Amino acid sequence: MDLIRPSFPLHEETTAASVPSARRSGMGAASRRRTRITAAAAAAMAAGLLLTACGGGAATQGADQPAAADPASAANATGSLNVCGGKDASGIYKGTVEAFTKANGKVTAKYTEIGATTDEARTQAVQRLEGKSSECDIFVTDVIWTSEFASQGWLLDQTKLVEANKDRLIPSTVETAKYEDKYWASPFFTNAGLVYYQKDKVAKPETWQQLYAEAAGAEGNSYVYQGKQYEGLTVNFLEMLYSAGGEVLDENGEVRIDSPETREVLDFMVKGLEDGSADRAVLTYNEDPARLAYESGNFGYQRNWPHVYRLLNATPLAGTFGVAPLPAWEGGKASGVLGGWNLAISAHSTNQAGAVAFIDFATTPDWQKHVAMDFSQAPVNEAAYADPEVLAKMPFATELLASVKGAKPRPISPVYPQISQAIYKNVYAVLSGAATTEDAVKTMAEEITAAKASF
Amino acid sequence: MATKSLSPGRWGSSSGMNGRDREERRLAFRMTAPSLVLMALVAAVPIGYALWLSLNQYSVRTAGLSRFVGLDNYVAALSGPHWWAAFGQTFLFAGLSVSLELVLGTAMALLLNLAFKGRALLRTVVLLPYAVVTVVSAITWETMFQPNLGLVTNVLSTLGLPGGDVIWLGEHGYAMAVIVLADVWKTTPFAALIILAGLQVIPAETYEAAELDGASKWQAFVHVTLPLLRPAIVLAAIFRTMDALRVFDLPFVLTRGANGTESMSMLAYTQLRENRLVGEGSALSILTFLTVMVVSVVYIRFAGGNIREVAKEEQ
C-alpha cells in the first residue's frame, strides 16, 4: 500500500517552513480552519483511494444459460487461439501451445501470461470474464476456481467433451471440474501431496500415527509441513481429515465439519507440535521454507508437492531420501487433496472449436507423457505413470499415481475461498494455542454455514 | 525571527477584508477551480462509487444478482468481531511504529544536520531502505526471522541471547514486533528527511541567543529545537500515521494476518478480492478510509493550533 502517497502538498500551514504564511494571508480564522479541513479531507481521500479504487468490479453478468462445447467441432477448427494463465514456471503452457500448433496445422495457438502468482492470475481472469472480454479463449484454472467461475456463467459447459474423453482421464482429476452435475473444464495436469523421508533415519510411513511416532522418536527425525495461516494449511489439514474419514461438505452440500473426525485430527496435530513430532516452526512455513528446512538435513519427514523431488536431488540429500504417497489414518485409508490445473473455455471465446481441439490435444495419452517427461508435472492419464520413459524421468511416478488416485477435491462451492479461510484460520488458531479444539470446530462450522448462505 | 524578512508589510496587516482582498480571493478561486475539479474527479468519483457499492449486496452465487441493503454491510462489519480486532491491531501497529519512527527519525535528522565530510552522500544513502519495495523487504525480513535457518534467529542463538529459539512469526506479540521492526527500518529515513527539512529552517541566531543566555546543549534542544521542530514532526507523524493505518503488504507477506496482525486493509482486501463480497468489502474500505480521515483531521487541527500559537507569539 505504498503505491499512493499524497503527492500534492498538504495545506501550506502544516509544512515546516511555512510559519509566516498564516500572517501573509489576509484570511480570517474561520476560513483558515475551513481550508485546513478541506485539505485534511482531500489528503485522507487520496489515502483511501487505493483501497476504494480496487473496490470496483461488481458482477454485471446476465444470468443466461451458458452454451456447451461440441466435441465434434474440433475437426473443422481453424484460426487463432489464445490460452491465458499464470506464470509458466515449468514451461508447460508454452510447450503445449507450440506442440499443438505444430500438430494441428490449422489452428495457431499462443500463450498469454496474465499474472505472476496464482492470486494475481485469478484476479486477472475474473476481470476479463466479468468484462466479457474475448481476449482469452481458454483459461488455465486452478482446480478450486471451477465452481466459482461456473456459477457466474463465465465458462462453456464441457460435459460432452469430458464424457467423450473420460476413459483416458483419471476419475479423481475429472471430479475437480464438476459443478452441479456438469463439467466446466478438462483436467490438464494434476498435483497431489507426497511425503519425503530420510531413509537412513526413519521408515517409509504407512500411517500418520506411525509417521508422528517415528518423528518424535529421535532428535532430527521431526516432520515439517505447511502450517502457516494460508490455503496450504487447508490442504495439509484436509489430507489428514479425508484419510480419517471426515469431510467438510457431504454430497448434498451440507456442512459436516463438526464431527468427531475433525476433533481427532486437530488434537492429533496439536499433540504432534507438543511432543516434537512436528517442528513448531511449521506455523510459519509455506512450501518453500518447509523445503529449505528439510534440505538442512535436520528433519526426518517432509510433506510437499512433487516438484520438490527435482530440487532435493540437487542438494547433498540426493540419494538419501525416499518418496511415499500420503499415509493412511490408523484404521482408515490413505487419501489426499487434489491440486492441479484445468483448461476452461471462456463463454466469450470467439474460437470455441479451436479451444476444443486444443483440449483434445492436451489430454491425449501421448501428450500427457510429455507433461511428465518434459515438464515434471503429474499427468491426468493413468497409462502415462507406467510408461518406461516417464519412470526414467520420474522414478516416483508409482507413488505419485497412488496419491493422485486416492485424493479428493477440496470442497466444491462457489464460496470456496470463504470456506477455506474458515478452515485455515481456525485450524491455525488451534495449532498456535489461541483456541481450543472444541471452540475452533464450532466456529469453523458456523463460518462455513454462513459462507454457504452468502447471497 | 529571521523569517520576518520574508513577510512584506502589506501582508502583515490583519485588518479584515477590504475590496481588494475580496477580488484577489475570487481570482484565487478561479485559478484553483480546474485543479479542484480534477481532484473531485480523481478522488470523489471512486469514493462515491465505493460508497454506492457498500450499500448493496452482490451475489457470489448467481451471476448479475444484486440488491440494495442500506447500511446492512456496515452493521454487519461493526457488530462482528473481525473489524474491531483488525481496528485494534492496526492502531497498535501504527502507534508503535510511528512513535519509534519519530524518535529515531529525529535522532537521525540531528546527526545528518551536523557538518561533516560526506554528509551529502550519507543523506542519500540513508534513504535506501525507503527505496526498497515493501513486499521485497517483507520477504527479506521473513527470511531473516525464519526459525532454524534465519539470520536473526541464528545470530541470537549463537550469541546465546534470548530469542534464538523463538518462532518469531508464529507467536502472538513477536509477530507484531517483527512487523513493526520492518516498518521502522523502512520508513524512519522518510521521517528523518522531513524532520531534517524542518531543522534546516531553524535560524542559527536562536541557538546563539540560547547560548548567550547560558543554556546547555540539552536545554537548547528541549527549549529551542523541539518547539521549532514541532510542525515538521507533526507533518511526518501525519504522513506516517496515514500510511501505517493502511498497512497491508507487511502483514500480508509476513503472517497473512495470523497471530494478531490482521490489519483493516487486509480485511477489506480479503472480502473484496478473495471472497468477491463486493458490498461487504467496500463497506470495510469505507470504514478504513473514514478512520484514516478522522485521525488526519485530528492531527491537522493539532498542528494548526501549534502554528497559530507561533504566529501569535510573533505578533
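Cβ from N, Cα, C; glycine included.
Features of the protein shown, as given by TrEMBL:
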type	residues	note
TRANSMEM	B:27-52	transmembrane segment
DOMAIN	B:87-299	domain 'ABC transmembrane type-1'
TRANSMEM	B:91-114	transmembrane segment
TRANSMEM	B:121-141	transmembrane segment
TRANSMEM	B:174-199	transmembrane segment
TRANSMEM	B:220-239	transmembrane segment
TRANSMEM	B:282-302	transmembrane segment
Restricting to CB pairs under 8 Å, which listed stretch, B:27-52, B:91-114, B:121-141, B:282-302, is in contact most with the transmembrane segment (B:174-199)?
B:91-114
Using a Cβ cut-off under 8 Å, which residues of the same chain at least 6 positions beyond either end of the transmembrane segment (B:91-114) come close to it?
122-123, 126, 176, 179-180, 183-184, 187-196, 198-200, 225, 229, 233, 236-237, 240-241, 244-245, 247, 261, 263
Sort out the residues at least 6 away from either end of the transmembrane segment (B:220-239), same chain, that have Cβ-Cβ distances under 8 Å to it, and list them.
98, 101-102, 105-106, 110, 190-191, 194-195, 197-199, 202, 206-207, 210-211, 296, 299-300, 302-303, 306-307, 310
